[in-house]
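TrEMBL lists 114 with the feature active site, proton donor. Per TrEMBL, the feature FMN binding site maps to 31, 32, 33, 85, 184, 238, 239. According to TrEMBL, the feature domain 'DUS-like FMN-binding' maps to 29-292.
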C-alpha cells in the first residue's frame with residue numbers, strides 16, 4: 001500500500017461535490033465487502049462510473065494497526081474521486097481514521113446501514129440510525145478536524161418504519177455539515193422485500209443536500225427509473241455492478257471486452273485468485289450455460305481460468 005499511496009500524493013485530489021453540481025445523475029459504485037477494491041474500482045471507472053467507495057473498514061482497527069491499514073486500503077493516482085467508508089461508533093476514532101486517509105482520498109463515509117448481526121452487536125452500522133445525536137457528533141467532529149474544505153463527509157443509512165425518524169436523522173446530519181446522504185430504501189429487518197423508493201423521495205424533498213438512492217438497481221434502465229421515482233441526485237449500485245461492471249455505460253450484460261479488461265487489470269494488480277475468480281463468476285452469470293458454469297466455477301488456479309477463457313471466448 002505505501003508505494004501506491006506515495007504515488008497518490010502527487011495526484012490531484014478531487015472535490016466529489018463537483019459531481020453533484022454537474023447537473024447529471026451521479027453514478028456510484030457501492031462499498032462492497034471483499035469486492036469494491038482497487039482493481040474492481042479501476043474496471044468500473046472505465047465504464048462510466050463517476051464515484052467509487054472502498055469496502056467498509058472498521059475505523060478502530062485501521063487507526064490502531066499498520067497491518068490493517070496495509071491490507072484494507074490501497075489506492076493509486078487514477079483512483080479518484082474516492083470515498084473511504086468506515087464503521088465507527090466514536091467521534092474521535094472516526095476523525096483519526098479520516099485524518100490518515102485524507103491525503104489520499106476525496107472523502108469518508110460513515111456506515112449507518114450495515115444490517116449484519118456482528119456489526120450491530122458491536123455498535124456499528126445500521127444501529128446508528130437510532131442514535132441521531134451520535135451521528136451528528138461524529139460528522140461535526142470530522143468537519144471541524146479536517147482542514148481541507150473539499151474533503152467530503154457523507155453517511156449511508158437505512159430507513160425507519162416511521163419515516164419521520166429518518167427525516168429527523170437526516171436533518172440533524174445536514175445541520176452538522178454532512179455533504180450528502182445515501183439512502184438504502186429498506187429497514188434494518190428487510191432483506192429481499194421491495195425497496196421503498198417512495199421513502200427516498202420523501203427524504204429527498206425534506207433536504208437541501210444531495211441524496212443518493214440505493215437498493216435493487218441492476219441495469220441502467222433501473223437507475224433511470226429510480227432517479228425518476230425518487231428525484232435522487234445520485235444512484236448507488238452494488239450487485240448490479242458485480243454482475244455487469246459495464247452497466248453504467250449502457251451494456252445490458254457484461255461485454256467480452258469488459259471481461260478482457262478485468263483479466264488485464266486483475267493480473268496487473270496482483271489480485272488474489274479467489275477474488276479474481278469470483279468477479280468472473282458474477283460477470284459471466286448471465287452469459288454462460290449451466291453446463292459451462294459447472295466447469296468454470298470449480299476451476300482452482302489463475303492459469304486454468306485463463307486457459308478456459310481463451311479456449312471458450314478468445315479472451
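Cβ from N, Cα, C; glycine included.
Nobody curates TrEMBL annotations by hand; they come from automatic prediction.
On the structure: features taken from TrEMBL.
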{"residue": "31", "record": "FMN binding site", "CB count, 10 Å": "25"}
{"residue": "32", "record": "FMN binding site", "CB count, 10 Å": "19"}
{"residue": "33", "record": "FMN binding site", "CB count, 10 Å": "9"}
{"residue": "85", "record": "FMN binding site", "CB count, 10 Å": "25"}
{"residue": "114", "record": "active site, proton donor", "CB count, 10 Å": "22"}
{"residue": "184", "record": "FMN binding site", "CB count, 10 Å": "26"}
{"residue": "238", "record": "FMN binding site", "CB count, 10 Å": "21"}
{"residue": "239", "record": "FMN binding site", "CB count, 10 Å": "14"}
Euclidean distance between Cα atoms of the residue listed as 'active site, proton donor' and residue 32 (FMN binding site), Å:
11
Could you give the mean pLDDT over the domain 'DUS-like FMN-binding' (29-292), rounded to a whole number?
97
When you look at 31, 32, 33, 85, 184, 238, 239, which the record names as binding FMN, what is the longest CA to CA distance in angstrom?
17
If you measure between the CA atoms of residue 114 (active site, proton donor) and residue 184 (FMN binding site) and round to the nearest Å, you get 10
